[in-house]
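Per TrEMBL, the feature domain 'GST N-terminal' maps to B:3-82. What TrEMBL lists as domain 'GST C-terminal' is B:88-218.
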Number of protein chains: 2
Amino acid sequence: MAEELILLDFWPSMFGIRVRIALAEKGLKYEYRDEDLSNKSPLLLQMNPVHKKIPVLVHNGKSVCESTIIVEYIDEVWHDKSPLLPSDPYQRSQARFWVDFIDKKLYDAGRRTWRTTGEEQETAKKEIIEILKVLEEQLGDKPFFGGESLGIVDVSLIGYSCWFYAYETLGNFSIGAECPKIIGWAERCSNKESFSKTLPDSKKVFGFVQELRKKSGLE
Amino acid sequence: MAEELILLDFWPSMFGIRVRIALAEKGLKYEYRDEDLSNKSPLLLQMNPVHKKIPVLVHNGKSVCESTIIVEYIDEVWHDKSPLLPSDPYQRSQARFWVDFIDKKLYDAGRRTWRTTGEEQETAKKEIIEILKVLEEQLGDKPFFGGESLGIVDVSLIGYSCWFYAYETLGNFSIGAECPKIIGWAERCSNKESFSKTLPDSKKVFGFVQELRKKSGLE
């Protein structure tokens, strides 16, 4: 049976980017459907009735929801090419720990760099640098979090790198000055074909964030 | 080599209970160390330097942190007995979805049933019933979320059942009246030896919550 893969997504989503990168790494063809989040498609509501959120991967009519769960699903089903999780259980647990760390910390702190002002914004900026410094320490001198080749931690973090320009510009601070290794890592990722063809342009993300700020009365 | 397993935990923790149940299901012997969370042990700080939280499983000197990651690790290392995750990738993704749903929704709503008052408390009560109704629908007429035998969703949810009595008494509402299937499921779990020997007494958890309320000036 031919595999039918549909991805319900929204282009600037760091969560959707994870899935797009995982699919690209595995060399899988899929139909991409960009959702209007203010008017969600009947398919999205049907396929993710609990959270009603993107990304959703529809594989032969059955849905998988939540970005990290989708990435693990892709890695398990198409396990022959470009493994994203290590095969050793202990190494797997450590990779999952860092993905979970990114999920628990980075989205919220990042959002506050452009959604807030004054003291709240200063706190968010400090937090994001602290979080990235912890990740930098974890990266060490390896080219990727996965070691010589990329793994699930790289896939999970890279979506944020397209937002760095918006965080920095709207928060008036420099991630690169504080965390040069993270910037070096993001550049190495961007040089890979699966990433360069998938990642949205930072300036386009910035424009999107500015629109959101206008709608919230922040600009 | 003899396996050395140490669990750093805190007895009423619904997250710690997950790990205790998983270890019991696998028939593994381990050293249990109850932490004083107001004066954490040097081992806890050393083994979980990022979050400094229980539970932590120390396996032959190496730490695994975050309850769901620990449960998956246990299932992967000791895969011959009592599998907790299905072997089929799609079924695995669905089990992970429900564990993630419990993690994202239940702790926070449960906490607000006893930490808040007035309108906020009423909202929390409504929320917890809504969450449990979604889970009830997912359980359907199966004895366990895992089907005929228990799985990772059962292991992830059961720790909350010891807190139901505290939620109900301090929130003045009945979970059983609204979600009888969840109560039936919790009773079925409690009848299993691995659970009955592991789960803390609901009245003892209630006493613990009352102490917390006193410390916060709520009683």
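Every residue gets a Cβ built from N, Cα and C, even glycine.
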Original post:
If you run through the domain 'GST N-terminal' (B:3-82) with DSSP, how many residues end up as helix, strand and coil?
Top reply: 29 helix, 17 strand, 34 coil
Original post:
For the domain 'GST C-terminal' (B:88-218), what are the DSSP-based totals of helix, strand and coil residues?
Top reply: 102 helix, 2 strand, 27 coil
Original post:
How does the model score the domain 'GST C-terminal' (B:88-218) in terms of mean pLDDT?
Top reply: 95
